[in-house]
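*Asks:* As listed in TrEMBL for this protein:
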{"type": "BINDING", "residues": "166, 167, 168", "note": "NADP(+) binding site"}
{"type": "DOMAIN", "residues": "6-121", "note": "domain 'Tetrahydrofolate dehydrogenase/cyclohydrolase catalytic'"}
{"type": "DOMAIN", "residues": "140-277", "note": "domain 'Tetrahydrofolate dehydrogenase/cyclohydrolase NAD(P)-binding'"}
Ligand SMILES: Nc1nc2c(c(=O)[nH]1)N[C@@H](CN(C=O)c1ccc(C(=O)N[C@@H](CCC(=O)O)C(=O)O)cc1)CN2
């Protein structure tokens, strides 16, 4: 029997509905609108699309979005100064720096300029450490979105073998931390892993975060596994060979309509939390 779909669009819309109600209550009670600043450096077309989607969703739930767009030739120092300004602005509750920045930028330094309390995208070392030690830091949004999606479908993780393919700072590594915190036994595969297929064949839960279209082959998937595809390759193609994987998996995310919408819902949920902590 083909896999059931983990519907990220539907689940994200449910989360956005709850956020909308909570924002309305906050504003009716005299509170400020939760405000997310989106910072984009350069004009990468995909990044323009993603930041526009984030601002649109923000406004759709009654939050305020503040657009900061900087030219591609912005220096690291100029970017740090912009982020520090937002960090010191009491009217800004959350700051998002869209990744990737142009290659001459020290992106890690720029992420670290975001105060942890406003790191609603979960990209700073402080958030990562808090998440890793279960101290309530903001989740990195894509891994956080995947966890929310698995929870929405009541899929058990405790004692399961999870394989994360990819070890990036905002995806693979925090994903492994969140799965570990949910008591899964976690393996991270990467470009030097000798036999990724063999690891995936053992996995009850597979998270594909490689950034290569259809890297994970359908016949690698263990029958009955749960598959989350965090790929967002050109042409809306994921990192998993979807149709073939769906023949074996029990649950699988579609692309589009799976992990992507959950990433943005998580960002907005965390922006509301940041605003509430600040109030
Ligand atoms: N600072 C960050 N940068 C980046 C992140 C991030 O979480 N923080 N993630 C990715 C890209 N990304 C958000 O920025 C993202 C990608 C895709 C989607 C999404 O909803 N995609 C839709 C399809 C969109 C379309 O039709 O064009 C889907 O999957 O249904 C949301 C967010 C890199 N950078």
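Yeah, the Cβs are placed from backbone N, Cα and C, and that goes for glycine too.
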*Asks:* Starting from the Cβ centroid of 166, 167, 168, the recorded NADP(+) site, name every other residue in that chain with its Cβ within 8 Å, sequence order please.
*Replies:* 164, 165, 169, 171, 172, 173, 188, 190, 209, 210
*Asks:* Determine, from DSSP, whether residue 166 (NADP(+) binding site) sits in helix, strand or coil.
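*Replies:* SS state of residue 166 (NADP(+) binding site) = coil.
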*Asks:* Return the count of C-beta atoms lying within 10 angstroms of the C-beta of residue 166 (NADP(+) binding site), excluding that atom itself.
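*Replies:* Other Cβ atoms within 10 Å of residue 166 (NADP(+) binding site): 23.
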*Asks:* List the helix, strand and coil residue totals of the domain 'Tetrahydrofolate dehydrogenase/cyclohydrolase NAD(P)-binding' (140-277) as derived from DSSP.
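*Replies:* Output for the domain 'Tetrahydrofolate dehydrogenase/cyclohydrolase NAD(P)-binding' (140-277) reads 55 helix, 24 strand, 59 coil.
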*Asks:* Would you list the DSSP helix, strand and coil counts for the residues of the domain 'Tetrahydrofolate dehydrogenase/cyclohydrolase catalytic' (6-121)?
*Replies:* 59 helix, 18 strand, 39 coil
*Asks:* For residue 167 (NADP(+) binding site), list the number of other Cβ atoms lying within 10 Å of its Cβ atom.
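*Replies:* Residue 167 (NADP(+) binding site): 18 neighbouring Cβ atoms within 10 Å.
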*Asks:* Can you name the residues of this chain that are 6 or more positions from residue 168 (NADP(+) binding site) yet have a C-beta less than 8 Å from its C-beta?
*Replies:* 209, 211
